[in-house]
Amino acid sequence: MGQCYYNETIGFFYNNSGKELSLHWRPKDVVVVALGLTVSVLVLLTNLLVIAAIASNRRFHQPIYYLLGNLAAADLFAGMAYLFLMFHTGPRTARLSIKGWFLRQGLLDTSLTASVATLLAIAVERHRSVMAVQLHSRLPRGRVVTLIVGVWAAALGLGLLPAHFWHCLCDLDSCSRMVPLFSRSYLAAWALSSLLVFLLMVAVYTRIFFYVRRRVERMAEHVSCHPRYRETTLSLVKTVVIILGAFVVCWTPGQVVLLLDGLDCKSCNVLAVEKYFLLLAEANSLVNAVVYSCRDAEMRRTFRRLLCCMCLRWSSHKSARYSASAQTGASTRIMLPENGRPLMDSTL
């Protein structure tokens, strides 16, 4: 191991990797920050709504909904991490210390890893409940807690590794171009692990699809309700396509550029698209709320109830303020007497 550069500036590592460090706000930086702030706020609001719905509705106190709540918590964390990134990017990157830079990246890596790992946990739990022919699985709560703790332990482990071990501060030749303080091998490992998660999800949902299709076909042999059979099959196909399609669209571009950078592809212009692909990966935290929660009819009813309650509270608060203001105004409408008779305000 060569010399270590713990006391160097962020600019030193960016220059070493050949990544431009902005000293002023460029149009590209403004566009990325504007889009990033918009996506982050939407992610925070939607996932807060999901968590509130699961907490307030006792029907959702089931293992699969605990996992959905954990997914919403991971995506909420991802929204906050990306919001933190947006306030420490562009020209502000150069002012970060090495510890601050690792904190910025660690928050993002931890939250996104937790989100991806929870997606796999949900797929496995759905597979288990379908094979057991249960609408809501009877998975023990202790096992769910263990699963959730395992997800966050793995996410924290992967998020903290670069700051403590898997960096390039002592080996500048191994530095990544996209993430100049990270080792290229870390990026390759992270991309391959995400790809492995996707392949496992494909395998799990494919097995669910064929199992349910065979079961419905056997039922259709004894019932003449063939349109219902086709409807069930098409609904299942739609669900699987949406789940896997959302993951592919949001994650594949980012995984590809991470892998290319990790493999040290000199001819690949990964820096031209990295910010937009990271934004697309963050958008998955918004898509998850729609795909996994909003398609549930009971969840939608709970959303409407919560939003109606919020609107009613806001309206009642506004009405109370208006009434208080009106009473105050009425008490000041009596004018000074003139010729022995009190004058009333002409606005009455």
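Glycine residues also receive a Cβ, built from the backbone N, Cα and C atoms like all the rest.
Of Phe12 and Arg207, Swiss-Prot records each on a different side of the membrane. Here the transmembrane segment (31-51) has long-range neighbours at 68-69, 72-73, 75-76, 78-80, 82-83, 85-86, 89-90, 275-276, 279, 282-283, 285-286, 289-290, 293, 299, 303, 306-307, meaning same-chain residues at least 6 beyond its ends whose C-beta is under 8 angstroms from one of its own.
For the topological domain 'Extracellular' (88-104), residue counts in helix, strand and coil come to 13 helix, 0 strand, 4 coil, using DSSP.
The glycosylation sites under consideration are Asn7, Asn15. Their Cβ neighbour counts within 10 Å are lowest for Asn7. Within the same chain, no residue at least 6 positions away from Cys308 (S-palmitoyl cysteine) has a Cβ under 8 Å from its Cβ.
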